[in-house]
There are 2 protein chains.
Amino acid sequence: MNEITFAVLGTGGIGRRALEVSQHKDALTPVAACDRHGVAVDFDGLDVDELLAATEGNIDNEVATDGGTGATTAESGVKQHGERKGVVASSQARPSEDPIQEVIDHGDRIDAVLLALPNYEHDFIPRTADRFAEGDYSGVMIDVLKRSRVIDMLDDRSEAFEDAGITFICGAGATPGLLTGAAALAAQSFVEVTDIDIWWGVGLKSGYEDNRGTVREDIAHLPEYDIETARELSEDEIEAIIDDHDGVIEFEDMEHADDVLLERAGICDAEDVEVGGILDVRNDEKPTTTTVRVTGRTFDGETATNTFQLGDETSMEANVNGPALGYLKAGVRRNRAGEYGVFGPADLMPGF
Amino acid sequence: MNEITFAVLGTGGIGRRALEVSQHKDALTPVAACDRHGVAVDFDGLDVDELLAATEGNIDNEVATDGGTGATTAESGVKQHGERKGVVASSQARPSEDPIQEVIDHGDRIDAVLLALPNYEHDFIPRTADRFAEGDYSGVMIDVLKRSRVIDMLDDRSEAFEDAGITFICGAGATPGLLTGAAALAAQSFVEVTDIDIWWGVGLKSGYEDNRGTVREDIAHLPEYDIETARELSEDEIEAIIDDHDGVIEFEDMEHADDVLLERAGICDAEDVEVGGILDVRNDEKPTTTTVRVTGRTFDGETATNTFQLGDETSMEANVNGPALGYLKAGVRRNRAGEYGVFGPADLMPGF
């Protein structure tokens with residue numbers, strides 16, 4: 001594996017942390033970053049320190065309504081500290097009417113594109129992928145999406161990705177992502193997996209401002225909401241929901257893509273996967289220990305449960321971004337070997 | 001991935017269980033099996049049930065002294081229940097003066113060769129690999145070796161493997177293997193890994209007869225022994241050592257290949273990896289829970305420990321053979337993509 005260049009679409013919490021974590025990885029160079037206000041491109045490598053410092057607190061948490069054309073000019077929701085909004089507060093960036101197209105236009109020098117775009121319409125990531133495929137991009141695209149139904153939309157595009165030479169890695173954050181991969185690995189002890197239980201804890205006090213989009217997306221998993229109604233909530237309404245729960249929201253039986261990602265890798269049936277967790281936005285301590293339990297039957301007839309637990313001190317950001325970059329590298333390896341189409345985290349693990 | 005054909009060298013405990021577990025895997029067909037007495041080859045797929053039933057209790061635990069030529073005729077140590085020793089007790093097998101060469105001669109129809117050969121000289125597996133490379137084999141070779149120093153011997157052959165088109169997967173059982181992969185995955189939360197602690201428990205009462213080779217290999221890890229002196233122990237001497245320990249032997253700071261396999265994958269320094277465990281040959285219950293602890297520093301400055309635990313009811317055999325076949329498949333994927341040389345379990349995991 002030689003040097004890998006990558007672009008980040010979206011400079012909210014996930015995109016920013018991905019840039020930061022990439023500085024710890026050898027042979028990985030961030031060369032482009034954009035939000036809907038502008039784009040920064042530098043094939044010698046972005047100055048991540050400058051970009052993060054200049055845009056600190058300048059996070060655009062606005063929900064996109066433009067379907068990924070990049071042409072929206074809605075301005076509310078941008079946390080603006082300087083004169084310029086979003087990524088263009090960095091001296092490396094410039095405003096753009098269509099920042100995504102600018103990344104596509106440079107696609108021949110970009111090995112991988114990280115779609116750090118939570119909280120948009122369901123089809124936003126698939127439609128963004130369409131634009132890359134139509135724009136003759138051939139490389140890796142990777143997202144950290146959570147919703148099961150989006151995987152199907154990506155699968156519908158599998159042939160187009162294969163024709164374009166795109167290796168699309170979906171659901172490659174913490175969960176789905178790190179925990180999905182851990183489940184796939186833990187399943188290797190068994191000849192039949194009967195249950196996979198993914199239970200996460202996130203404490204987000206100090207990261208709350210940077211992760212409002214993620215919190216909104218989580219609220220959409222509550223029984224009273226869906227992604228459309230959650231998208232229409234005002235910031236005040238979200239605060240009210242958080243207050244109602246005293247800052248601690250518990251989720252059960254979430255529609256989380258882990259289920260379909262494990263089924264497509266042949267690990268178990270989607271219906272045998274359960275995902276839930278507890279979000280605490282008022283403490284940084286995790287309200288519960290993130291745990292994956294994989295129960296199955298061994299070839300010699302025993303039933304057992306293998307367990308994977310994340311240390312409570314690991315933040316959501318650490319568990320999303322390290323794995324996302326790891327899966328990105330695995331995707332580049334596949335891409336360079338000529339393997340195109342749609343892959344989930346479990347597809348990238350050793351195993352049958 | 002299409003159909004995968006594989007051969008097993010060695011029909012002791014590991015080889016037999018690999019054949020058994022392979023029956024649970026779609027698109028994986030065992031086509032050859034040999035021990036030093038003979039060979040069975042059938043490209044329509046071996047009849048595993050017949051082979052295992054016919055050779056049950058017919059395990060050859062003898063230590064090879066022939067350096068892999070297959071020409072030895074030493075007969076002590078073969079547990080012989082029928083008229084014929086080892087694999088030739090199966091109606092599918094026939095005696096051979098050089099069974100390994102017969103597998104090599106069929107190599108163009110074999111995608112992967114599992115070297116299920118514990119307890120031989122250190123260079124037995126490397127020299128067997130030499131024979132395959134010299135015999136124009138181009139496919140996957142995979143072993144479940146445990147000793148750190150053997151990895152170096154394989155690395156010395158890296159260029160020869162690349163020239164031959166061999167993808168050699170080393171240390172791909174339970175530990176190293178499943179647990180090494182789990183450590184590599186757990187490391188994804190961190191930008192720096194400071195300690196990896198692998199602690200295993202094995203209860204082997206009902207599997208003791210089939211796994212005498214593994215027990216001998218474990219005894220070589222005791223401070224008073226090394227692999228040469230352990231190889232020279234008689235069965236009675238091994239029984240005496242086990243009696244001295246009341247059947248329960250604890251190992252600390254073992255020379256286990258996990259360390260170099262994690263270092264070569266860039267996860268941490270070899271010296272930061274510690275491996276130990278407890279073997280109980282008189283109970284099937286594990287004397288301790290097999291646990292991997294990966295401690296590191298996150299990008300946001302926290303120190304934490306991620307943990308992977310195997311259910312106590314999972315046998316050593318389940319944890320060796322499922323992962324070995326999973327890594328075998330990952331190796332075939334690499335091989336078909338034109339990636340040759342030496343790979344450890346951690347190299348096959350997503351990650352930087």
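Residue numbering: from 1, along the chain as shown.
Cβ from N, Cα, C; glycine included.
A 10 Å cutoff on Cβ-Cβ distances gives A:Thr11 (NAD(+) binding site) a total of 29 other Cβ atoms nearby, all chains included. As annotated by TrEMBL, NAD(+) binding site applies to A:Gly10, A:Thr11, A:Gly12, A:Gly13, A:Ile14, A:Gly213, A:Thr214.
If you look up TrEMBL, you'll see A:63-84 marked as region 'Disordered'.
A:Lys146 (allysine) falls outside any helix or strand according to DSSP and counts as coil. Per TrEMBL, allysine is recorded for A:Lys146.
Taken from TrEMBL, the feature active site, nucleophile covers A:Lys146.
Annotated active site, proton acceptor per TrEMBL: A:Glu217, in sequence order.
What TrEMBL lists as active site, proton donor and proton acceptor is A:His221. According to DSSP, A:His221 (active site, proton donor and proton acceptor) is assigned to coil rather than to any helix or strand. For A:His221 (active site, proton donor and proton acceptor), the same-chain residues that are 6 or more apart in sequence and have a Cβ closer than 8 Å to its Cβ are A:Phe251, A:Met254, A:Glu255, A:His256.
According to its DSSP assignment, A:Ile14 (NAD(+) binding site) is helical. For the NAD(+) site, whose annotated binding residues are A:Gly10, A:Thr11, A:Gly12, A:Gly13, A:Ile14, A:Gly213, A:Thr214, the maximal Cα to Cα separation is 13 Å.
In this structure the alpha carbons, written CA, of A:Gly10 (NAD(+) binding site) and A:Lys146 (allysine) are 16 Å apart.
Rounded to a whole number, the distance between the Cα atoms of A:Glu217 (active site, proton acceptor) and A:Gly12 (NAD(+) binding site) is 14 Å. Here the Cα atom of A:Thr11 (NAD(+) binding site) is found 17 Å from that of A:Glu217 (active site, proton acceptor).
Listed in sequence order, the binding-site residues from A:Gly13, A:Ile14, A:Gly213 having a Cα within 10 Å of the Cα of A:Lys146 (allysine) amount to none.
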